[in-house]
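Inspection log for the structure reproduced underneath, given as structure tokens.
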């Protein structure tokens, strides 16, 4: 199998694993963010609100209700993650041929011969990783935005969609602008998120490989998982307000949620600064876990396939 084929397969497996395992986090986050907070007491803890939403979901749809929207999530995430990780790896490999972005960072020490076993990915400077992550994420996000809209609306309880094809047909009939709804907010969230994630992931992984030399595949997988979880936590908190804005635009139908700036103003008027962090704990939990699972599966899969060929 070619390198690109290996990357697509590993990326697809990564997307499948994270989506199936963590869909309840996504659904609860969407339900929490879709509201305007008018039914919540200002001092009410988020944990209590999340528990109420969870009970409502289980009451109306049983435990399976927590996995509502899994199909559109898979439709978006499996090819999306495969395309993103493959494109990111290919772009980084291309950028690594440039003296402006190729990483020269190296810390020689005893056992240095094993240092490359922690990763099979191209090495770039921090600036290169930032640009590669942001550029790739926005490009893939543009292609898959229609599925993001579909996923958000399927997870929401505002729309009574009975089938995936029926939901997609309704969105298509509403016009091209509906297919790209929320793309600006998504880009403002995803570009810095992906850029920061790759920078911190590679940086933490580089340093961790000297604390725990990845002599075995198990140690390498542990480094990948912990590095990705840490990077995911940092990048998530830095970009969460744009996630709230994106969800409002894609799910709410009122006029005040049709534009990026008007949505920002509406959230501020109704909730203040706290409104921009609705669902932050859920997104943080999901991103930390999905980053750890996703990148451990991706890099581990690549290392396994390359050592077996």
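Using the three backbone atoms N, Cα and C, a Cβ is placed for every residue, glycine included.
Feature annotation from Swiss-Prot assigns repeat 'Solcar 1' to 2-94; the stated evidence is sequence analysis. Broken down by DSSP into helix, strand and coil, the repeat 'Solcar 1' (2-94) contains 78 helix, 0 strand, 15 coil.
Within the chain, the transmembrane segment (8-33) has long-range Cβ neighbours (under 8 A, six or more residues past its boundaries) at 1, 46, 49-50, 53-54, 57, 66-70, 73-74, 77-86, 151-152, 155-157, 243-244, 247-248, 251, 278-279, 282-283, 285-286, 289-290, 293-295, 297-299, 301-302, 305. The transmembrane segment annotation in Swiss-Prot covers 8-33 (among others), and the record cites sequence analysis as its basis.
According to Swiss-Prot, the transmembrane segment annotation covers 69-95 (among others), on the basis of sequence analysis.
The annotation repeat 'Solcar 2' is assigned in Swiss-Prot to 124-207 on the grounds of sequence analysis.
The transmembrane segment annotation in Swiss-Prot covers 130-155 (among others), and the record cites sequence analysis as its basis.
Here the transmembrane segment (182-205) has Cβ contacts under 8 Å with residues 88, 118-119, 121, 123-124, 126, 129-138, 141-142, 145, 148-149, 152, 223-224, 226-228, 230-232, 234-236, 238-240, 242-243, 245-247, 249-250, 260, 263, 291, 295 of the same chain, all six or more residues outside its ends. Taken from Swiss-Prot, the feature transmembrane segment covers 182-205 (among others).
Residues or ranges marked as repeat 'Solcar 3' by Swiss-Prot: 219-304.
The transmembrane segment feature in Swiss-Prot is assigned to 223-249 (among others); the stated evidence is sequence analysis.
A Cβ distance under 8 Å defines the sequence-distant neighbours of the transmembrane segment (279-297), meaning residues of its chain 6+ beyond its ends; these are 10, 13-15, 17-18, 21-22, 25-26, 28-30, 32-33, 46-47, 50, 81, 197, 201, 221, 224-229, 231-233, 235-237, 240, 243-244, 247. What Swiss-Prot records for 279-297 (among others) is transmembrane segment.
Residue counts for the repeat 'Solcar 3' (219-304) under DSSP, helix first, then strand, then coil, are 79 helix, 0 strand, 7 coil. When DSSP labels each residue, the repeat 'Solcar 2' (124-207) comes out as 69 helix, 1 strand, 14 coil, counted as helix, strand and coil in that order. Mean per-residue pLDDT, taken over the repeat 'Solcar 1' (2-94), amounts to 86.
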